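Okay, structure first, notes after.
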Amino acid sequence: MDQNLKEQILELKRQKNAIILAHYYQRPEVQEIADFIGDSYNLSKIAKENDADTIVFCGVKFMAESAKVLSPQKKVLLPQPKAGCPMADMADAEGLAALKAKHPNAKVVSYINSSVEVKALCDTCCTSSNAAKIVKRIDSDEIIFLPDKNLGSYVQEMVPEKNIILWDGFCKVHNMIIPTDIEEMKNKYGDMKILAHPECWKPVRDMADFIGSTGAMIDYAEKDTTSDKYLVVTETGIMYKMQERVPNKTFYPLRSMVCVNMKATHLEDVYNSLVNSTFEINIEENLRQKALTSLENMLILGR
């Protein structure tokens with residue numbers, strides 16, 4: 001069944017000059033049929049630079065929105081319309097406008113995990129792979145950072161010379177992990193290196209041997225010569241690409257770290273989206289132009 005469906009998807013993709021982008025947190029079978037698998041930053045670049053007519057974005061809504069902002073001439077499809085991001089929903093344009101009024105000299109840096117309405121009010125976006133670099137490069141000593149307070153506190157540690165005003169948002173999957181979860185895994189499986197995403201809260205980050213984005217974690221594990229066992233403290237979907245890229249090492253996920261929104265997309269959704277061109281992302285042009293500035297600044301500052 002799955003193999004037949006995959007073949008039909010690949011044929012539809014060819015017929016429609018479409019590409020399938022999948023985030024590392026997607027289901028393994030979805031990653032298998034993707035043209036490109038990556039983190040938010042790399043997928044944003046691909047969406048902008050690729051010459052396909054249609055982008056099928058297997059991720060969550062803010063990712064598909066970002067692709068449409070960067071590539072308005074392309075048809076952008078989100079196969080599963082219920083795939084939202086609770087953290088992105090924690091930041092609203094009205095609240096951000098009020099915070100900007102309280103801090104008129106601050107520059108606003110939004111994690112790409114935000115709505116297009118929030119991006120329209122920001123000076124630049126960032127991802128977990130380039131947040132510290134962008135905050136360091138932006139021409140202001142005062143920064144409003146949203147929506148993730150954990151990533152923001154990590155950036156504050158990396159860029160102590162800046163005054164960072166944190167929004168009170170978080171990723172539910174990463175924020176729920178506590179130090180005892182790490183200790184239990186080490187007691188069960190023995191000594192191993194800990195790879196943690198910066199969306200984790202500080203007590204967990206402090207236990208990590210390496211802190212980085214999903215892509216950076218895979219790169220680190222591939223190049224590291226000091227260990228062959230790793231505890232991977234991020235969403236479990238990363239295991240598919242991590243084990244493929246580094247088959248000679250052992251990776252232990254935290255089984256509780258499952259994002260139901262990232263796992264909402266199934267092969268059937270991708271097939272139906274290609275057949276019926278559903279569900280297409282449309283953004284009002286004035287709003288798109290405002291959001292475009294923050295995403296383009298991210299691509300420039302994040303180089």
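One-based numbering along the chain as shown.
Placed from the backbone N, Cα and C atoms, the Cβ positions cover glycine too.
Marked as iminosuccinate binding site by Swiss-Prot: HIS23, SER40, TYR111, ILE112, ASN113, SER128, HIS197, PRO198, GLU199, THR214. Listed in sequence order, the residues of the same chain lying 6 or more apart from HIS197 (iminosuccinate binding site) and placing their CB within less than 8 Å of its CB are SER128, HIS174, ILE211, GLY212, SER213, THR214, MET217, VAL233, THR234. Mapped onto three states, the DSSP output places HIS197 (iminosuccinate binding site) in coil.
What Swiss-Prot records for CYS85, CYS171, CYS259 is [4Fe-4S] cluster binding site, and it gives sequence analysis as the kind of evidence. Of all the Cβ atoms in the protein chains shown, 21 others lie within 10 Å of the Cβ of CYS85 ([4Fe-4S] cluster binding site).
A straight line from the CA of TYR111 (iminosuccinate binding site) to the CA of CYS259 ([4Fe-4S] cluster binding site) spans 18 Å. Under the DSSP three-state reduction, CYS171 ([4Fe-4S] cluster binding site) is assigned to coil, being neither helix nor strand. Neighbour density at the Cβ, taken as the number of other Cβ atoms within 10 Å, is lowest among the binding-site residues CYS171, CYS259 for CYS259. A 10 Å cutoff on Cβ-Cβ distances gives ASN113 (iminosuccinate binding site) a total of 29 other Cβ atoms nearby, all chains included.
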